[in-house]
Amino acid sequence: MLKFEAIHLQSTSPFPTSALVFIIRDNNYKTQVSKSRNQIRISSSSLIITSSYPNKDIWRKSDNNNNEKTKHSSSSPVLHKKSDNQHQNHHHHRQVYLDHSVDMDELISSIKKTSTPQELFALMSIYKGRQLSLRFMVSLLSRESDWQRTLALFDWMIEEAMYKPSVFAYNVVIRNVLRAKQWELAPGLVDEMRQRAISPDKFTYSTLITHFGKEGDFDSALSWLQQMEQDRVTGDLVLYSNLIELSRKLGDYSKAISLFSRLKRAGITPDLVAYNSMINVFGKAKLFREARQLFHEMRSFGVAPDTVSYSTLLSKFVEDKRFVEALSIFSEMKEVKCPLDLTTCNVMIDVYGQLDMAKEADRLFWSMRKMAIEPSVVSYNTILRVYGEAELFGEAIHLFRLMQSKDIEQNVVTYNTMIKIYGKSLEHEKATNLVQEMQKRGIEPNAVTYSTIISIWGKAGKLDRAATLFQKLRNSGVEIDQVLYQTMIVAYEKAGLVAHAKRLLHELKRPDNIPRETAISILVGAGRTEEAMWVFRQAFDAGEVKDISVFGGLIDLLSRNKKQTNVIEVFEKMRGAGYFPNSNVIALVLNAYGKLREFEKAEAMYKEMQDEGCVFPDEVHFQMLSLYGWAGDFTAVESLFERLDSDPNIDKKELHLVTASVYERGNRLDDASQIISQINKRGISNTLPSS
């Protein structure tokens with residue numbers, strides 16, 4: 001339905017703010033995409049009716065090309081005068097362009113002075129016979145920054161000057177409207193291109209995908225990518241890499257893996273940056289075998305893993321507390337003589353500390369300068385923590401004071417580490433004094449500082465001081481994070497004050513001083529399923545659940561407490577919000593479907609995630625095998641077994657053992673025996689490629 005609406009244009013518009021204008025708006029824009037761009041185009045030009053608009057002074061260059069300018073009210077601002085003889089020498093059958101006779105800068109300046117489409121049309125009227133080439137006009141469009149003038153100029157080209165529409169011109173217009181965040185115009189412009197038999201090209205889609213992606217509208221970005229692939233337009237490495245990096249930043253690792261698969265299917269060879277990004281993604285998704293295999297794939301394509309490749313994988317192993325494997329990667333890194341960097345050293349100091357190898361950590365820290373690597377505050381903080389955990393309190397205190405005597409940067413983490421060390425050595429007052437010292441030095445305590453002090457006081461039996469500090473913090477407006485809340489809850493429970501702990505947990509159902517996402521995480525950490533689900537539903541309905549880890553953490557808690565229906569509820573909300581589950585969540589959801597005997601839904605999810613390009617750990621595949629067995633679908637068991645048996649990345653011995661177990665449970669003992677016999681006949685052990 002069309003309606004006329006009288007409005008005053010905002011001051012940012014190129015059209016006069018004082019003029020009362022009437023704009024036709026289509027309330028059904030979203031459902032009438034095919035009409036949308038035409039209506040938008042009209043509203044930016046001929047149907048904008050102003051009560052009046054000022055006549056503009058139009059300037060043109062003088063004949064002798066000097067800086068003097070002559071006022072003119074209706075003709076071109078920028079034409080150099082040409083002699084009659086010059087015009088007569090042109091061939092009649094060729095279009096003669098005036099590109100080199102027109103000062104583009106001056107023409108752009110004149111266009112910027114126009115306030116309405118009518119003024120712009122009048123200004124450009126002298127070129128109505130297409131005296132300017134399409135290349136010139138596209139350049140003109142690209143240099144116009146205002147999206148409304150861009151549309152008006154484009155409309156003049158097509159409707160008045162009758163230029164043939166081109167993909168180049170459309171790409172510029174689409175870029176300009178997206179830069180101005182006029183998101184609703186893009187689909188209409190693309191639809192108009194198609195109506196005019198112009199196919200969007202790589203640059204069209206790249207512009208759409210990049211701008212929607214940067215805006216955080218990932219669903220729209222992926223929708224345009226899907227459209228690009230349907231149109232058989234090949235993207236490039238930069239486009240896919242940007243989307244992969246965006247997925248990674250959003251914590252949507254399955255989607256990143258899917259995009260990486262699509263990149264390779266498109267025949268694009270990843271570069272070092274893309275591979276390093278995917279090592280990060282596979283590590284974050286806890287697909288460590290796949291991350292290791294990327295090193296082999298890189299080398300097969302002639303891409304040598306670098307320091308970033310190794311340090312990224314090292315960091316992911318450490319995040320997952322796989323310290324022995326991290327040590328193995330570090331050894332390999334040294335074997336291939338890959339140079340160490342600051343990140344590698346910092347990670348390995350931590351790894352040595354976690355493996356109770358304090359001497360090795362100490363040796364690496366003090367050898368950094370010999371390798372021309374200047375230790376950072378992170379290096380100092382890490383070795384301080386290693387000293388503390390090894391109960392080398394004297395070394396820790398000496399290094400802490402050495403940093404101060406040599407003016408080496410100290411931060412809140414440095415002080416938090418030392419406070420914890422003093423607490424561990426039962427020097428509670430020194431720990432408290434450090435809080436005052438850091439404040440005097442202008443280093444503000446954070447939630448970790450306070451939670452550490454509260455924990456120290458709780459262990460020292462000074463619960464009244466801990467509770468008083470906690471209450472002061474809540475009243476002061478300091479951000480109360482989940483660590484601080486849980487520390488206080490644990491302190492109350494250890495002191496036997498269960499009612500106080502329950503009161504804090506109950507308050508989280510209606511949090512007024514922390515985000516509801518944080519409240520959910522606290523309740524999950526405390527193992528409170530009912531309260532966590534209650535807050536989750538409220539927060540989700542209000543659109544406040546943005547962190548993918550909140551979904552994963554809640555699903556993990558619900559699964560551990562056998563709340564299978566709730567697992568499915570959270571998972572469906574997660575998918576509805578556009579998030580991809582990681583492999584751990586997929587395994588838990590498959591388990592929930594199995595417990596609820598909803599085998600068809602389990603199979604549908606398994607296949608959907610595979611179609612999306614998700615890479616599963618072996619356990620997920622084996623779980624699906626078991627579910628087929630529970631459902632009595634042994635045809636599906638046999639089919640999946642054969643597919644997995646031909647996959648070089650699957651642990652063959654484990655596959656045969658799991659499949660035999662499935663047949664045994666189904667009382668198909670002959671099939672089970674046949675599967676087991678294959679292990680010996682084929683000499684199956686672990687047929688994975690060595691890393």
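Even glycines carry a Cβ here, placed using N, Cα and C.
Just so it is clear, the model here is predicted, and its values are computed rather than measured.
Summarising the annotation, TrEMBL assigns compositional bias 'Basic and acidic residues' to 59-71.
Feature annotation from TrEMBL assigns region 'Disordered' to 59-93.
Summarising the annotation, TrEMBL assigns repeat 'PPR' to 166-200 (among others). Break the repeat 'PPR' (166-200) down by DSSP state and the numbers are 24 helix, 0 strand, 11 coil.
Taken from TrEMBL, the feature repeat 'PPR' covers 201-235 (among others). The residues of the repeat 'PPR' (201-235), classed with DSSP into helix (H, G, I), strand (E, B) and coil, number 26 helix, 0 strand, 9 coil.
Packing against the repeat 'PPR' (236-270) from elsewhere in the chain are residues 202, 205-206, 209-210, 213-214, 218, 221-222, 225, 229, 277-278, 280-282, 284-285, 287, 301, 303, 547-549, 579-583, 609, 612-615: each is 6 or more residues past its ends and has a CB under 8 Å from a CB in it. Residues or ranges marked as repeat 'PPR' by TrEMBL: 236-270 (among others).
Annotated repeat 'PPR' per TrEMBL: 271-305 (among others), in sequence order. Long-range contacts of the repeat 'PPR' (271-305) within its own chain (CB-CB distance under 8 A, at least 6 residues past either end) are made by residues 237, 240-241, 244-245, 247-248, 251, 253-254, 256-257, 260, 263, 312-313, 315-317, 319-320, 322, 325, 338, 582-584, 615, 617, 649, 688-689, 691.
Within the chain carrying the repeat 'PPR' (306-340), a Cβ under 8 angstroms from the stretch's Cβ atoms is held by residues 272, 275-276, 279-280, 282-284, 286, 288, 291-292, 295, 298, 347-348, 350-351, 354-355, 371, 373, all 6 or more beyond its ends. According to TrEMBL, the feature repeat 'PPR' maps to 306-340 (among others).
Non-local neighbours of the repeat 'PPR' (341-375) in the same chain are 307, 310-311, 314-315, 318, 321, 323-324, 326-327, 330, 333, 382-383, 385-387, 389-390, 392, 395; each lies 6+ residues outside the stretch with a CB under 8 Å from one of its CB atoms. According to TrEMBL, the repeat 'PPR' annotation covers 341-375 (among others).
Here TrEMBL flags 376-410 (among others) as repeat 'PPR'. Cβ atoms under 8 Å from those of the repeat 'PPR' (376-410) belong to residues 342, 345-346, 349-350, 352-353, 356, 358, 361-362, 365, 368, 417-418, 420-421, 424-425, 441, 443 of the same chain, restricted to positions at least 6 beyond its ends.
Residues or ranges marked as repeat 'PPR' by TrEMBL: 411-445 (among others). Applying DSSP to the repeat 'PPR' (411-445) sorts its residues as follows: 26 helix, 0 strand, 9 coil.
Residues annotated as repeat 'PPR' in TrEMBL: 446-480 (among others). According to DSSP, the repeat 'PPR' (446-480) comprises 27 helix, 0 strand, 8 coil.
Residues annotated as repeat 'PPR' in TrEMBL: 481-515 (among others). Confidence annotation: the repeat 'PPR' (481-515) carries a mean pLDDT of 67 in the model.
Residues of the same chain lying 6 or more positions beyond the ends of the repeat 'PPR' (547-581) and with a Cβ under 8 Å from any Cβ of it are 218-219, 250-255, 258, 517, 520-521, 524, 527, 529, 532-533, 536, 540, 588-589, 591-593, 595-596, 609, 612, 614. Under the heading repeat 'PPR', TrEMBL lists 547-581 (among others).
Residue counts of the repeat 'PPR' (582-616) by helix, strand and coil are 26 helix, 0 strand, 9 coil (DSSP-based). The feature repeat 'PPR' is assigned by TrEMBL to 582-616 (among others).
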